[in-house]
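Taken straight from Swiss-Prot:
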ACT_SITE  73  active site, proton acceptor
BINDING   73, 74, 151, 152, 179, 181, 192, 193, 194, 195, 196, 197, 216, 250  NAD(+) binding site
């Protein structure tokens, strides 16, 4: 069967036990499928597979038409942030724990990926967040940090401090001042992550929206809210010491009073390839253990 792809980048969770052997077997499989295989530079330095070249993100974007990610959702998120701007599609093999985005079990990767490489797959596009931190400088604001996030942007209180007070504006319209342990702005992809544990709803990845979820708010009436994803959200630090902001766990600590975190939709989208027949609801059932102990097809005991 002819390959739909030509050159695959292989990205691995190199800290995991046995990762070198796992990555070597995936690389050999891809090569046997007729693909040229390169490792991303970080993976190559960590595992040392000399038979394969090493490419950085820009080189992957230029030379590769597929990226195969072996690891958990954290590895997948990091790769997605790096490669989304280049439009390289991702296939995720789960070597982690939950694996919402890395949906191919390690034990089944050969029989699952072979037809995908030949072009038999489902393609999904995931929205990304683009965020920056602005600091007051006279009458202006200087951008001191900017990056992308696939899951969420989280503003949190300091480790030794009490609650933070955050002013939130959406599309330059004042929403409220929140006193809480923090605030999550989540994409639909991130709605099954921190936002879910903080009491937010699950959003289908096809929904054009964000979640805004307070973390342990002082007022119980402060509830999660769904926002249109063409909105720019601005969060200002009003009170609280040592607050921090995390973009998919990329952290900027020691925010100051008056700092603003601005979040909007990125122009880039993450291309994710799934096996034929994949659907979001089956993933939820499997990962969240829904329907366990329930008789199938409405049967009665």
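Each Cβ is built from the backbone N, Cα and C atoms, and glycine gets one as well.
Counting Cβ atoms from all protein chains shown, residue 179 (NAD(+) binding site) has 19 others lying within 10 Å of its own Cβ. Classification of residue 216 (NAD(+) binding site) by DSSP places it in coil, neither helical nor stranded. In this structure, the residue listed as 'active site, proton acceptor' is part of a helix by DSSP.
Shown are the binding-site residues 151, 192; of these, the residue with the fewest other Cβ atoms within 10 Å is 192.
With all protein chains in the displayed structure included, the most crowded Cβ environment within 10 Å among the recorded positions 73, 194, 196, 216 is that of 73. Between the two most distant C-alpha atoms of the annotated NAD(+) binders (73, 74, 151, 152, 179, 181, 192, 193, 194, 195, 196, 197, 216, 250) there are 31 Å. Separating the Cα atoms of residue 192 (NAD(+) binding site) and the residue listed as 'active site, proton acceptor' is a whole-number distance of 11 Å. Cα-Cα distance from residue 179 (NAD(+) binding site) to the residue listed as 'active site, proton acceptor': 31 Å (rounded to the nearest whole number).
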